[in-house]
Amino acid sequence: MNRKARRCLGHLFLSLGMVYLRIGGFSTVVALGASIICNKIPGLAPRQRAICQSRPDAIIVIGEGSQMGLDECQFQFRNGRWNCSALGERTVFGKELKVGSREAAFTYAIIAAGVAHAITAACTQGNLSDCGCDKEKQGQYHRDEGWKWGGCSADIRYGIGFAKVFVDAREIKQNARTLMNLHNNEAGRKILEENMKLECKCHGVSGSCTTKTCWTTLPQFRELGYVLKDKYNEAVHVEPVRASRNKRPTFLKIKKPLSYRKPMDTDLVYIEKSPNYCEEDPVTGSVGTQGRACNKTAPQASGCDLMCCGRGYNTHQYARVWQCNCKFHWCCYVKCNTCSERTEMYTCK
């Protein structure tokens, strides 16, 4: 969610809070404010707008999850030509790439995972109605492993289910790009589920572990970012397959001759090759690399040779001056030397 959208929602919810205080009752707030809030959010599909109006308490959490995904995207690609800073058409709380590239695949997966992560966390913290801790993971004893369920396990199934209904509702068109988007959404959620953690606590006299209770917790989102970045590097090129009498694509297969093997559930998939992202291009969502900082000596993607696409780079020199080697003299003053340092910064032409 961009700052303008978050500020808008914040003002709307502040207004709703005032209505709540004056009239009293959450149902009144929902009745008066849900349609206002949901109509102010750009890019919602009809089903998403209906969900928003029925569950306005969840829409802020969904926005935070989407923003968390975008922030992680920018972190993971901070040193690349494409740095997730500018995307194409507007979506739920952000933008999307028009080209069905591996970058688009990563974007969909990380945002889908972010929304599911945020919903699950909000349930665990008691910040959403209709959900809480995982009730099925309470009191059951695992005799072979010597522990039982206790504490508050994160209800990942609820989080994933709610996020799936909302995020996937945007995919209205029946084409190859929709199949790609839905697959990557599911891959992001699946990877989140596979990386859930088990935490345990011992109970007993003098630090003994007579009994042990365990519960599931969400992974740090940064961990998911690294896993999905690896999936991005190994993304699978796919193509749509149409049934004999159906013009609409029905599933995706790996793009290899004489192969009808489907990608794995946790694979990121793409249908178009990535542009080089060297030049600014609104169609592909590329902001170009002109003016980007680069590393003169690094051989990786952040190195000037790769980052600047062979155009060369500018050198900027800066001088930093500060007080150093300060000593206290009796009595009573401090004497310092003046230190200076020259640094160079390189930016793409």
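The backbone N, Cα and C atoms fix where each Cβ goes, glycine too.
Per Swiss-Prot, the features are as follows:
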{"type": "DISULFID", "residues": "Cys73-Cys84", "note": "disulfide bond"}
{"type": "DISULFID", "residues": "Cys123-Cys131", "note": "disulfide bond"}
{"type": "DISULFID", "residues": "Cys133-Cys152", "note": "disulfide bond"}
{"type": "DISULFID", "residues": "Cys200-Cys214", "note": "disulfide bond"}
{"type": "DISULFID", "residues": "Cys202-Cys209", "note": "disulfide bond"}
{"type": "DISULFID", "residues": "Cys278-Cys309", "note": "disulfide bond"}
{"type": "DISULFID", "residues": "Cys294-Cys304", "note": "disulfide bond"}
{"type": "DISULFID", "residues": "Cys308-Cys348", "note": "disulfide bond"}
{"type": "DISULFID", "residues": "Cys324-Cys339", "note": "disulfide bond"}
{"type": "DISULFID", "residues": "Cys326-Cys336", "note": "disulfide bond"}
{"type": "DISULFID", "residues": "Cys331-Cys332", "note": "disulfide bond"}
{"type": "CARBOHYD", "residues": "Asn83", "note": "N-linked glycosylation site"}
{"type": "CARBOHYD", "residues": "Asn127", "note": "N-linked glycosylation site"}
{"type": "CARBOHYD", "residues": "Asn295", "note": "N-linked glycosylation site"}
{"type": "LIPID", "residues": "Ser206", "note": "O-palmitoleoyl serine"}
{"type": "REGION", "residues": "238-266", "note": "region 'Disordered linker'"}
{"type": "SIGNAL", "residues": "1-31", "note": "signal peptide"}
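For Cys294 (disulfide bond), the nearest neighbour among the disulfide-bonded residues Cys84, Cys202, Cys324, judged by Cα separation, is Cys84. Helix first, then strand, then coil: DSSP counts for the region 'Disordered linker' (238-266) stand at 0 helix, 11 strand, 18 coil. Counting Cβ atoms from all protein chains shown, Cys336 (disulfide bond) has 11 others lying within 10 Å of its own Cβ. A separation of roughly 33 Å, to the nearest angstrom, links the Cα atoms of Cys304 (disulfide bond) and Cys324 (disulfide bond). The closest partner of Asn127 (N-linked glycosylation site) among the recorded positions, by CA position, is Cys214; the full candidate set was Ser206, Cys214, Asn295. Comparing C-alpha positions, Cys133 (disulfide bond) sits nearest to Cys214 among the disulfide-bonded residues Cys202, Cys214, Cys308, Cys309. Reduced to three states, the DSSP call for Cys278 (disulfide bond) is coil. The disulfide-bonded residues in question are Cys209, Cys278, Cys309, and the one with the fewest Cβ neighbours inside 10 Å is Cys209. Look at the disulfide-bonded residues Cys131, Cys202 and count other Cβ atoms within 10 Å of each Cβ; Cys202 has the fewest.
In the structure as shown, the Cβ atom of Cys331 (disulfide bond) sits within 10 Å of 5 other Cβ atoms.
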